[in-house]
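Q: Got a structure here, written out as structure tokens. Questions coming.
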Amino acid sequence: MNYRHAFHAGNFADLVKHAGLLRLMATLTKAPGPLTVIDTHAGRGLYDLSGAEAQRSGEAEAGIAQLMKAADLPAAFGPLRAAVNKLNNSGPTKLYPGSPRLIADTLRKKDSYIACELRGEEHAALRMALKGRTGVETLCADGYETAVSRCPPKGAVLVLIDPPFERPDDYTRIVATLKAIGRRNRDAVVMIWLPIKDLQTFDHFLNEAQDTGIGPLLVGECRMRPLNDPMKMNGCALVTARAPADFAASMEEMCRWTAQTLGQNGQGRVSTLS
Ligand code: SAM
């Protein structure tokens, strides 16, 4: 396990993922019953953009730094910009929130959140980032297994699956987890982040995900450049099972703006697979 999200925090892919996450949280926390959120791959929760990793990669500079100063930002990014501003006391963007901080800051008293992080060092930082929060549990454990074993059989659930894709079995484990959660809780909403490198891998995953029967699947694609080089991360996708009705329009705004503003001949699109 070599992956360190500190190199990538605040990049274009985080913008789409985190704006999408906040949009889902806003809708799901409107319902009267309690919400359980499970984050299978949580990371360290909070990122220092002045640190060596972010400075070396330059990804946050090309991502969140551009978003924070954009004059034409679509409404769908409003909650993310507000969260980043709040974290930095409306000053320069030195800190960037990972999914754990965004989720924890949006929970109501009746809601609960389980954050899984397998790497010991990252988990220790995650615990610090979420210290003192009520309704929040961090586990140094496998996120795929935990999502299935801790998913309540009834009630509102949101599962975020955001692996590093370092291992060849990530795709098959996502599909198995999606299937198991779909069976365990008929209402669970599952959001999966994926890299787009080549269309063969992406389409194969979508077919397998569709075969789980959990649908409908809302597929938001943010293609940052034409897919000419399969060795590069040419874009990213958010695949959401059982997305709320109002999610597609926001997803389209986020994918389009990111691809067109931060990409090179980029394209954003949204489709539904039932
Ligand atoms: N979701 C985070 C966010 O948006 O801020 C970023 C997560 S990062 C892409 C993936 C993380 O998953 C890494 O910190 C890695 O150590 C961790 N990881 C890898 N395999 C895991 C597994 N099987 N279960 C839990 N965490 C895992």
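The first residue you see is number 1, and the count goes up from there.
Each residue, glycine too, has its Cβ placed from N, Cα and C.
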Q: So TrEMBL lists HIS18, HIS41, GLU117, ASP142, GLY143, ASP162 for S-adenosyl-L-methionine; which of SER90, SER99, SER250 goes with them?
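A: Answer per TrEMBL: SER99.
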Q: C-alpha of GLU117 (S-adenosyl-L-methionine binding site) to C-alpha of ASP162 (active site, proton acceptor): distance in Å?
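A: Their Cα atoms are separated by 11 Å.
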Q: Report the same-chain neighbours of GLY143 (S-adenosyl-L-methionine binding site): residues 6+ apart in sequence with Cβ closer than 8 Å to its Cβ, ordered by sequence.
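A: Those within reach of GLY143 (S-adenosyl-L-methionine binding site), by Cβ under 8 Å and sequence separation of 6 or more, are ILE38, ASP39, THR40, HIS41, ALA42, CYS116, GLU117, LEU118, ILE161, PRO163.
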Q: Where the distance is taken from Cα to Cα, which of the recorded positions TYR3, SER99, ASP142 turns out closest to ASP162 (active site, proton acceptor)?
A: SER99
Q: Can you see whether DSSP assigns GLY143 (S-adenosyl-L-methionine binding site) to helix, strand or coil?
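A: Its secondary structure by DSSP: helix.
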